[in-house]
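Reviewing the structure listed below.
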Amino acid sequence: QRRMGLPALALLLVAGLLHTQASPPARSFQLDYEEDCFRKDGAPFRYISGSIHYARVPRPAWRDRLLKMYMSGLSAVQVYIPWNYHEPLPGVYDFDGNRDVEAFLDLTAELGLLVILRPGPYICAEWEMGGLPAWLLWKPDIVLRSSDPAYLAAVDSWLHVLLPKIKPRLYQHGGNIITVQVENEYGSYYACDYGYLRHLLGSFRALLGSEVLLFTTDGTRAEELRCGTLQGLYATVDFGPGSNVTEAFGAQRQVEPKGPLVNSEYYTGWLDYWGEAHASTSSVQVARGLEDMLQLRASVNMQSPFLQLPSLPWPGADFKDQYQPVTTSYDYDAPLSEAGDPTEKLFAIRTVISKFQPLPVGPMPRATPKYAYGWVALRKYADLLDVLDVLCPSGPIQSQFPLTFEAIKQAHGFVLYRTQLPRDILDPATLGAPPHSICDRGYVMLQKQYQGTLERNGQTALHVTGSTGDTLDVLLENMGRISFGANISDFKGLLGNLSLDSSPLRNWLIYPLAIDTAIQEGWPHAARPKSSSGGRAGPAFYTGTFETPGIAWDTFVKFPGWSKGQLWINGFNLGRYWPLRGPQQTLFVPGSVLHVGCPNNITVLELEGAPSTPLLLFLDQPLFNRTLSRSTAATE
């Protein structure tokens, strides 16, 4: 065997040294506890980020929204992944179409944006059950967000599907994901289960590797930071424009004495509840708070500033002394509106950012075009009770007493409960429900005649008269599972038995309704016309069509004289309308759901009462701030 001579060996060593010097350094994103900053590829780094929820933006609009965020001067976007959006049933996964999170993440990289990822498993986000799948409640005694073995088994199964999709997109592996959040605001949850957080930390490390920067987010109260943080997870805080920035970051310093200051949720707006005034936050206040934080060299993510509408069934609810469902629109005075339009607030934020880092060269992309398609006449297609064969093809479930949505494995939408009056009722009798057992609204019909509505926080009794054997129907609506706090085990349907003058009703037929599925498959437009009663009260379907004048532009639908219900256009569920309760008065219709050159099919499910002349009005701007709550008058 020949031995290499010294000159040849020296040449090889020199070549190797030159190659080492010329090769780029390993990609890294790390914490620097000496300089109190992040380090990206070894250099000090601070991010300015904004939240965007791909699940709340139609896929055709992803690029437009992300480009506007990039041109605002943001260096990163924060992205939630809702578990229940991707695993609708145990072991059944959906990553297609609007749910193609990998395509969304690849688009962020193409546009030059870094990503702060929030994969949960719990995310809050004013999203149904905080992103947790309703099927977890099929085990009624499960303890969510804890070390409960049944919960952990479901979480682990999900993470083993999701996180391998994420790993190759981490910054260290050539991708653009710089940090990954574990859980979300866990310190605001009652469990305070460190074993659960340790389990998640172990799972994330095992599936993503040892180099990725993992973090937590919590409010600034000491109790929240005590229960929400864990060694091995970098602790960040969240607070809004009204907070004292120095005090808020002082709270972070109690748990992270060194390292970068981070506000992971700087609230540029606040959420809307049905029946309350439309939230608004001053642009001046938002800009001032942002500048104060950036002067402290903090990294900031602006929460909910660049969002759009969710189609049902995804809006969640809060529980603050009572159940508070959030509106369909997620435009809470956002810097980028639900239609993707830059606002005064966005330009105020952009001006602040320009003081600290260069803005991208070029103009801000313009607002999307809108069109007022005008009035569209609808006609009544059928009362809901007359189409149960279509909406529940498998037929009803028989039960002595009512069963919850979860007990019959119905996640969302509506379930009809039917029984018969056990005796003649000549004098009005009280049809009542135990407290907190109507989840969330029950529309009552006797012999197909609408009697009124029972409500979780409101009226829980009606007076009825009738004869032995008369059919009593109660249509139960899920208005969204609670997404924040201790009450996220939010069971739906009739949670207790209805009674007549305190005598329990028995022998129920329970119809799980697949309304969304039927409409997505073309019903009722593809079905033969039905002869319907002329009555306007109670749950009924209305249909109509309209054609666009050669364009498919964004638009907004108003519901003059309508009460409460849901809207579909071309099979796409555009959400709940509730003009009587407010504040939201219009539903946003993205142009991507409209057809050009053929009719657009409108389906409305009105739950309480349609106007005598059922019309919809298509506008070129939204109406948000008109509220008629239970006790107050309408205000503009």
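Every residue gets a Cβ built from N, Cα and C, even glycine.
According to TrEMBL, the feature active site, proton donor maps to GLU185. Long-range neighbours of GLU185 (active site, proton donor) (same chain, six or more residues apart, CB within less than 8 Å of its CB): CYS124, THR217, ASP218, GLY219, GLU224, GLY228, ASP238, PHE484.
Residues annotated as active site, nucleophile in TrEMBL: GLU265. All chains included, 24 other C-beta atoms sit within 10 angstroms of the C-beta of GLU265 (active site, nucleophile).
According to TrEMBL, the feature domain 'Glycoside hydrolase 35 catalytic' maps to 38-355.
Residue counts for the domain 'Beta-galactosidase 1-like first all-beta' (402-513) under DSSP, helix first, then strand, then coil, are 3 helix, 56 strand, 53 coil. Per TrEMBL, the feature domain 'Beta-galactosidase 1-like first all-beta' maps to 402-513.
In the predicted model, residues of the domain 'Beta-galactosidase galactose-binding' (539-597) average a pLDDT of 94. Marked as domain 'Beta-galactosidase galactose-binding' by TrEMBL: 539-597.
The signal peptide annotation in TrEMBL covers 1-22.
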